[in-house]
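Copied over from TrEMBL, here are the features:
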type	residues	note
DOMAIN	1-176	domain 'Plant heme peroxidase family profile'
BINDING	P16	substrate binding site
BINDING	H46	heme b binding site
BINDING	T47, T101, D106	Ca(2+) binding site
DISULFID	C53-C85	disulfide bond
Amino acid sequence: RKDGRVSKASDTINLPAPTLNVGQLIQSFAKRGLGVKDMVTLSGGHTLGFSHCSSFEARLHNFSSLHHIDPRLNTEFALDLSKKCPKPNNNPNAGQFLDSTASVFDNDYYKQLLAGKGVFSSDQSLVGDYRTRWIVEAFARDQSLFFKEFAASMLKLGNIRGSDNGEVRLKCRIVN
C-alpha cells in the first residue's frame, strides 16, 4: 500500500460514513482521485462483511416525520433488521451481514441492493440515483464484469499516496 507506513484504527475516520448520500459519496471518493464507477465498484467490497446495529439503526427507528422505517428498505428485510436491532438494543454485538453470502466474494451485494436489502443507507442510495443505478444493475447481472472492475479499482485505490508517500514492502512486517 502506498497511503502510509502504518495502520491505525483512528484512520477509519477517513472512510465514508454509512449514512452518506450519493452526492456526498461521489465527493468523498473524488477527493482521493476516484470516480463514480470506482465508488460503486469498491462499495461491492461490502459483499464480505458484518455491521453492528449502530451503523444502520437510524433507518429502523423513527426514520423521519413521515416514516418510522426507511421506505427504501424491503419491508420483510426491515422487520428482520428491527428484530435483530430492537430499540433499545442491549446487545453490543448485534448486527447484520452486509449481504446474503457474507463469506463469499461475489455480486450478491448488488442483487441485494436492487431488492431493497442494502444494510447501509449509503449502499441503498446507489440504487436511487441515475449516476450509479446503471452500474449496480450491470454488476448484479454480470459477476465477471464486477470482478474485472473491482480489480482495476483496487489497483487505483492501492496507488493512492498519503502524505509520506508510503511504500510497497518487500516483506510485510519490515519497513524497506
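Sequential numbering from 1, following the chain as shown.
Glycine residues also receive a Cβ, built from the backbone N, Cα and C atoms like all the rest.
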Count of other CB atoms lying within 10 Å of the CB belonging to C85 (disulfide bond): 22
May I ask which of the recorded positions P16, H46, C53, C85 is closest to D106 (Ca(2+) binding site) if we compare their C-alpha atoms? H46
Students should find that the Cα atoms of C85 (disulfide bond) and T47 (Ca(2+) binding site) sit apart, in Å rounded to an integer, by 21
Chain-internal residues, separated by at least six, CB under 8 A from T47 (Ca(2+) binding site): L98, D99, T101, A102, V104, F105, D106, N107, D108, Y109
Same-chain, non-site residues whose Cβ lies within 8 A of the T47, T101, D106 Cβ center for Ca(2+) are L48, D99, S100, A102, V104, F105, N107, D108, Y109
Can you give me the Cα-Cα distance between P16 (substrate binding site) and the residue listed as 'heme b binding site' in Å, rounded to a whole number? 13
Between C53 (disulfide bond) and the residue listed as 'heme b binding site', how many Å separate their Cα atoms? 15
I'm checking region-level scores; what's the whole-number mean pLDDT for the domain 'Plant heme peroxidase family profile' (1-176)? 87
